[in-house]
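**Student:** Sharing a structure, written as structure tokens. Questions coming.
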Amino acid sequence: MAKGTIMLPLDAALLRKGERVCCAVSGGADSTAMLLAMVEANARKESLGIELSAAHVHHGLRGAEADADEAFVRELCQRLGVPLTLVHVDTPARMADEGEGLEEAARNLRYEALRGLPVDAIATAHHLDDQAETVLMKLLRGAWTEGLAGIAPEVQADGPRTIRPLLRVRKAEILEFLEARGQAWREDSTNRDLSLTRNRVRHDLLPVLRQFNPQIDALLAGMADVARDEEAYWQDQLPPLLRQMVLPGKPVRGGGRASSTAVGSASCALEIERLKALPAAMRRRVLRAAVRGLGHRLTAEETAKILALAGFGGYPGVLGKIGSRLELREGLRVERSARELQISRQG
Ligand SMILES: Nc1ncnc2c1ncn2[C@@H]1O[C@H](COP(=O)(O)OP(=O)(O)OP(=O)(O)O)[C@@H](O)[C@H]1O
């Protein structure tokens, strides 16, 4: 395929003229393609009009392989005429200091370094296949809509915002784009490590699902968009409702309510009659947000059990009777009184 015949459709809505945009370049296929596509789009007559730069983070892991990644990105940027910031971080030290796992420590250090750069936006090269994997992994872990929202196309922050202009582009398109230009990239050896869940989802699970529906990646990515909008809607709707519905603390003899002063303990209550007046979708959200306010994230199963305790639907082994009680994970206890669901957490 001749150079230039295949383009990568960058999400133009995320790119604003005059802004300083820094591409986070690992040297892998995705970020190499993103940088190249941005350089090309900026050079076209209808230019993006952005001030382009790049950054590469050396995580202090993978020895010579990481040194070669850095050298690759340095040469790429030199050839493209893009100013590059190289950052060295010490992931093993972070793991020891903060007790974080390897991936988490590397990611946190990377984002901290990138967000500290004097630019308006950091562009990462997450693409549609990454999104599909993320949504599937969240689903497997039992996520609700907030988790199913997956990777956000844009994240506002105090410093530069994070943008993902390739989030609607398939991995195959990225590879075609690079091959059409004869552009090499670096392969990360950990991408083949099947002890990592993401790699098993990518190499084992998704290929099977594609046999049932070849469009599964796009469907999962579409689900992320829907879930993100649903979440935003509820984030808007819930606060005033929670102020009306959630009674803080516990009722005390003689009237009124008292919040516990014991360290690590928190409680609230929901009036059952008021819950009854809500549509089921809203009721579930209110319950979930009330418990979230106590620092606990309910699973789907826990939510169903608590609703059954309050008399909304059934759950095997749960009695919807006054005086019944549930003991859940992480010190969460829910008790049904005559009028209320009383929720407390000892943690
Ligand atoms: N060493 C690096 N230096 C600069 N940017 C990087 C580096 N590693 C990853 N990135 C950027 O982050 C994007 C995602 O990388 P990758 O998929 O490896 O990370 P992840 O941990 O799966 O995702 P996340 O960035 O959401 O934590 C890359 O496309 C690239 O833009």
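Note: Cβ is positioned from N, Cα and C throughout, glycine not excepted.
A quick note: this is a predicted structure, and the numbers were derived from the prediction, not measured.
From TrEMBL, here are the annotated features:
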| type | residues | note |
| --- | --- | --- |
| BINDING | Ser26, Gly27, Gly28, Ala29, Asp30, Ser31 | ATP binding site |
| DOMAIN | 21-203 | domain 'tRNA(Ile)-lysidine/2-thiocytidine synthase N-terminal' |
| DOMAIN | 270-306 | domain 'tRNA(Ile)-lysidine synthase substrate-binding' |
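What's the neighbourhood like for these features in this structure?
**Tutor:** Spatially close to Ala29 (ATP binding site) yet at least six residues away along the chain are Lys171, Ile174, Leu175, Leu178, Trp185, judged by Cβ distances under 8 angstroms. Secondary structure at Ala29 (ATP binding site), taken from DSSP and collapsed to helix, strand or coil, is helix.
Looking just at the domain 'tRNA(Ile)-lysidine/2-thiocytidine synthase N-terminal' (21-203), the mean pLDDT is 93.
Within the chain carrying the domain 'tRNA(Ile)-lysidine synthase substrate-binding' (270-306), a Cβ under 8 angstroms from the stretch's Cβ atoms is held by residues 142, 144, 234, 237-238, 241-242, 244-247, 312-313, 315, 318, 326, 328-330, 332, 334, 336, 339-341, 343-345, 347, all 6 or more beyond its ends.
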**Student:** Of Gly27, Gly28, which of the binding-site residues has the most Cβ neighbours inside 10 Å?
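**Tutor:** Its Cβ has the most other Cβ atoms within 10 Å: Gly27.
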**Student:** I'd like to verify something. Among the binding-site residues Gly27, Ala29, Asp30, which ones have a C-beta closer than 6 angstroms to some atom of ligand 1?
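**Tutor:** The binding-site residues passing the 6 Å Cβ test are Asp30.
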**Student:** Tell me which residues of the chain lie with their Cβ under 8 angstroms from that of Ser26 (ATP binding site), as long as they are six or more apart in sequence?
**Tutor:** His56, Val57, Asp69, Val73, Arg186, Asp188
**Student:** How does the domain 'tRNA(Ile)-lysidine synthase substrate-binding' (270-306) divide up by DSSP, counting helix, then strand, then coil residues?
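**Tutor:** For the domain 'tRNA(Ile)-lysidine synthase substrate-binding' (270-306), the helix, strand and coil counts are 25 helix, 2 strand, 10 coil.
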